[in-house]
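Here is what TrEMBL says about this protein:
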| type | residues | note |
| --- | --- | --- |
| COMPBIAS | 1-12 | compositional bias 'Basic residues' |
| REGION | 1-56 | region 'Disordered' |
| COMPBIAS | 13-29 | compositional bias 'Gly residues' |
| REPEAT | 118-146 | repeat 'WD' |
| REPEAT | 173-214 | repeat 'WD' |
| REPEAT | 215-256 | repeat 'WD' |
| REPEAT | 257-298 | repeat 'WD' |
| REPEAT | 298-338 | repeat 'WD' |
Amino acid sequence: RRCPVTPKRRCKGCGGAGSGTGGGGGPGPGAHACPRSPSLGRRRQEAAEEEIDETPQEKKLRLAKQYLEELRQYGESRPAPGEGVLLGYCCAWGRGGPAHIPLFLQVQPPDPASIRVLRGHQLPVTCLVISPDDRFIFSASKDGTVIKCKWEVESGKRLCVVPGGKKGTEEQNMGHASHILCMAISSDGKYLATGDRNKLIMIWDTATCKRLHIFTGHHDAVSGLSFRKGTHQLYSASHDRSVKVWDVAENAYVETLFGHQDVITGLDSLSRECCVTAGGRDGTVRLWKIPEESQLVFYGHQGSIDCIQLINEEHMVSGADDGSVALWGLTKKKPLALARQAHGMQDSQGLQEPYWISAVAPLRNSDLLATGSHNASVKLWKCSEGFRKLEPLWDIPLVGFVNSLKFSSAGDFLVAGVGQEHRLGRWWRIKKAKNSICIIPLRQRDAAPSPKAPDGS
């Protein structure tokens, strides 16, 4: 083993100085190549790499984590003016490492008077997505006639409406013939996928709103959809307890995965070839590794887990009908943080019960979260202490069941899909609620520039 005090060694072949260890614990730059015995120099370098047992990707990851920790400490040491909270963005992890330089934003409490309400759906909104360029919103509801809408964010105009039809007429009509429960949009904004209670997945052209294809194969309602980031690979989850993989560009089915013991209620994915799912009343969250056809199982909620979203490639957030919001690390089977009764308690037939968590949304690769219920507010949270604590920030007044939440890519607004009923059933009805899309502006200011990134991160 190498001495940490005198890392350099003499080459047995030529007597020259061997390579030392770098500051990160890996082989230093310019490893010695012995002119008399090249194979000996190579063997020394390979032995040193095996001894350190760190791949180049792992070294990049470790250096980037070290850099992010320095940025976090830098951000926490700065005084935040007024009521603003300093929110630090993590890098967006791709297969090659960080995808962009971290950015610090100043987010302040939203003004309720600035919330814009888009009306058009006659029944409760069940799901929505925002286009990658933040220009358009696609939404769906329980309405039997107006099934899918396309909205322009800036003007609030409804650009496209796809009418539904009767059950069994999907091939003749353009739209779905039952409630749409989930939506997903590809990261290039080309394809939109929608899933309904009639077991169907429809693929749409986002520019023209025309249907391109119908996927069949699930044996119950389709409850979760997500495109793998940077690809046209689509993951779907269903009440039939299965996860399916599709190739949208080729209109092809790929494979099916099984494991949940109850209906799957939500699904999400990012860049890696894996996805996460919420298993309803089986009480588990699962991480599916698609190439290995394996899964990791997480436990933490006491009730039915109804919604789940990835924050970044290493953390996720979920909500359940026991009123809890859980923050997870993908390497730990138990939650890193758990907020019980996150939206308070309600009086139900003389009994005190927690408000169900019906929607969760992270601002991707940041420490900002939003959660929704039917307690007349959307809550914003901050993930602090290295994603080991959930801190409530503000309540945004919003009457009705918050069935879907999405942050814009730039983080300058939050969109909520609101209805008089829960997206999955009719347990309660809030008559004074409006079935609508609510656009909530988030006031932001750029903070001071972040410190210079170290080499290799």
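A Cβ is built for glycine as well, from the same backbone N, Cα and C atoms used for every other residue.
The shown structure was predicted, so the numbers you read here are calculated from the model rather than taken from an experiment.
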In terms of Cβ proximity under 8 Å, which residues at least six beyond the ends of the repeat 'WD' (215-256) contact it?
94, 181-187, 190-191, 193-203, 262-271, 273, 275, 277-278, 288, 290, 293
Which residues of the same chain, at least 6 past either end of the repeat 'WD' (173-214), have a Cβ under 8 Å from a Cβ in it?
126-133, 136, 138, 140-142, 147-148, 150, 160, 162-167, 220-227, 229-232, 234, 236, 238, 246, 248, 251, 267, 423-424
Same chain, outside the repeat 'WD' (298-338) by at least 6, Cβ under 8 Å from its Cβ: which residues?
90, 92-93, 262, 265-272, 276-281, 283-287, 344-345, 353-362, 364-366, 369, 371, 373, 381, 383, 387-390, 424
